[in-house]
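Features of the protein shown, as given by Swiss-Prot:
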BINDING   Phe298, Ala299, Gly300, Thr301, Glu302, Thr303  substrate binding site
BINDING   Cys437  heme binding site
Amino acid sequence: MSALGVTVALLVWAAFLLLVSMWRQVHSSWNLPPGPFPLPIIGNLFQLELKNIPKSFTRLAQRFGPVFTLYVGSQRMVVMHGYKAVKEALLDYKDEFSGRGDLPAFHAHRDRGIIFNNGPTWKDIRRFSLTTLRNYGMGKQGNESRIQREAHFLLEALRKTQGQPFDPTFLIGCAPCNVIADILFRKHFDYNDEKFLRLMYLFNENFHLLSTPWLQLYNNFPSFLHYLPGSHRKVIKNVAEVKEYVSERVKEHHQSLDPNCPRDLTDCLLVEMEKEKHSAERLYTMDGITVTVADLFFAGTETTSTTLRYGLLILMKYPEIEEKLHEEIDRVIGPSRIPAIKDRQEMPYMDAVVHEIQRFITLVPSNLPHEATRDTIFRGYLIPKGTVVVPTLDSVLYDNQEFPDPEKFKPEHFLNENGKFKYSDYFKPFSTGKRVCAGEGLARMELFLLLCAILQHFNLKPLVDPKDIDLSPIHIGFGCIPPRYKLCVIPRS
């Protein structure tokens with residue numbers, strides 16, 4: 001090697017050491033929770049398994065404790081792992097950690113709506129949206145009748161399969177999508193409607209893509225990856241297409257709005273906008289309402305749809321559990337009466353199975369990212385304002401003290417020694433605190449009523465031997481994505 005080459009190599013090495021030294025000084029300048037040492041530019045990327053980030057969090061928690069610091073690129077994040085740390089962060093520090101961490105794939109919704117909003121409007125918009133949802137029957141009789149009506153359409157669609165194999169992805173998804181569409185737009189779609197199926201495809205594809213390694217990488221290195229080809233472009237395009245559809249519906253509602261007789265949640269939001277028409281500072285705008293409605297449309301469709309689809313796969317894996325459910329349904333409801341929420345009190349096994357499905361699949365394992373809204377002392381550590389806070393829900397739902405053998409699907413996790421339903425404070429699939437899922441009440445009702453209705457009328461028939469059914473998710477990231485499968489539903493005599 002020439003003298004020039006040696007000199008250049010030494011200069012590069014010296015520059016690298018200088019960067020490491022500067023990074024170490026910055027990293028140690030705060031009393032942060034412990035964590036692995038971050039490298040310049042990439043941070044702790046090598047400590048994360050992008051195909052299964054929750055698994056990486058568990059491994060790091062075993063090494064550094066229930067509260068630890070990571071850097072992904074230059075982004076600092078503090079991970080809360082385990083029931084005590086997660087509950088403390090989300091409830092005792094609900095204001096300090098109520099911000100929303102940045103998700104670049106959803107920048108079209110940034111600082112608007114109720115899910116991805118980290119701006120000054122989210123609290124007021126969320127509060128009004130929740131109040132309006134409750135007034136329209138969230139968790140009460142109004143939504144019960146909505147779901148019961150939709151169960152009728154779902155059962156008719158299932159009968160039309162005539163016992164032949166089908167992919168349940170969109171057929172099952174039609175029911176929760178129609179329920180939320182009725183709340184938002186007072187609209188019911190035919191199960192073969194092309195626009196309806198297109199919307200569900202967009203929701204499903206985005207939930208799938210957001211859970212892939214590339215999107216995990218993109219959401220942490222957007223400035224480097226934004227202009228490269230990749231699936232992030234598809235997600236951004238899909239978000240824009242859904243937003244355009246919702247925008248058209250909002251404009252139609254605005255043109256026919258009667259402020260004295262709101263028809264649905266969209267109308268209620270528009271009425272609030274009209275009240276602010278002459279205000280200098282406006283909380284409600286057409287674009288903001290569009291994003292709020294799009295947020296609710298996506299969340300109200302995909303999460304319940306995926307949970308139901310995963311639940312049917314689990315029940316085919318364990319036919320003895322399905323048989324117990326049939327027995328309980330026959331005893332409490334009978335063959336023809338429509339399932340009702342009041343039945344839940346007399347159906348502890350069904351209630352336990354619905355809870356165990358949600359616990360077992362941990363649909364959103366690492367929660368949506370939170371953000372520290374101010375400098376905060378947490379367990380003696382300083383968590384600076386702007387730090388991303390990750391309360392890991394899977395670490396609570398898979399706690400092996402509360403749920404022995406958490407890797408196994410066991411409805412007994414939610415049953416006492418007398419076979420009665422047993423509540424667990426560790427059951428947090430919807431998160432908790434100020435960012436708890438806005439549709440928790442609706443989702444819980446849908447899961448119980450729709451699963452009851454399906455099993456009241458049909459036996460589930462897998463295309464393979466139950467012991468060969470693989471329940472492992474195909475992707476674990478933003479969500480846990482179940483494998484694609486087909487099944488047959490056989491009418492019960």
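Yeah, the Cβs are placed from backbone N, Cα and C, and that goes for glycine too.
Features recorded in Swiss-Prot, as mapped to the structure shown.
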residue: Phe298; record: substrate binding site; contacts (Cβ under 8 Å, 6+ apart): Phe203, Asn206, Val242
residue: Ala299; record: substrate binding site; contacts (Cβ under 8 Å, 6+ apart): Ile115, Cys437, Ala438, Gly439
residue: Gly300; record: substrate binding site; contacts (Cβ under 8 Å, 6+ apart): Pro176, Cys177, Val179, Ile180, Ile183, Leu184, Gly439, Leu442, Ala443
residue: Thr301; record: substrate binding site; contacts (Cβ under 8 Å, 6+ apart): Gly173, Pro176, Cys177, Ile180, Leu199, Met200, Phe203
residue: Glu302; record: substrate binding site; contacts (Cβ under 8 Å, 6+ apart): Gly173, Phe203, Asn204, Asn206, Phe207
residue: Thr303; record: substrate binding site; contacts (Cβ under 8 Å, 6+ apart): Leu363, Val364, Cys437, Gly439, Ala443
Thr301 (substrate binding site) in three-state DSSP notation: helix
Shell of the substrate site beyond Phe298, Ala299, Gly300, Thr301, Glu302, Thr303, same chain only (C-beta within 8 angstroms of their C-beta centre): Pro176, Ile180, Phe203, Leu296, Phe297, Thr304, Ser305, Gly439
Packing count at Cys437 (heme binding site) (other Cβ atoms within 10 Å of its Cβ): 18
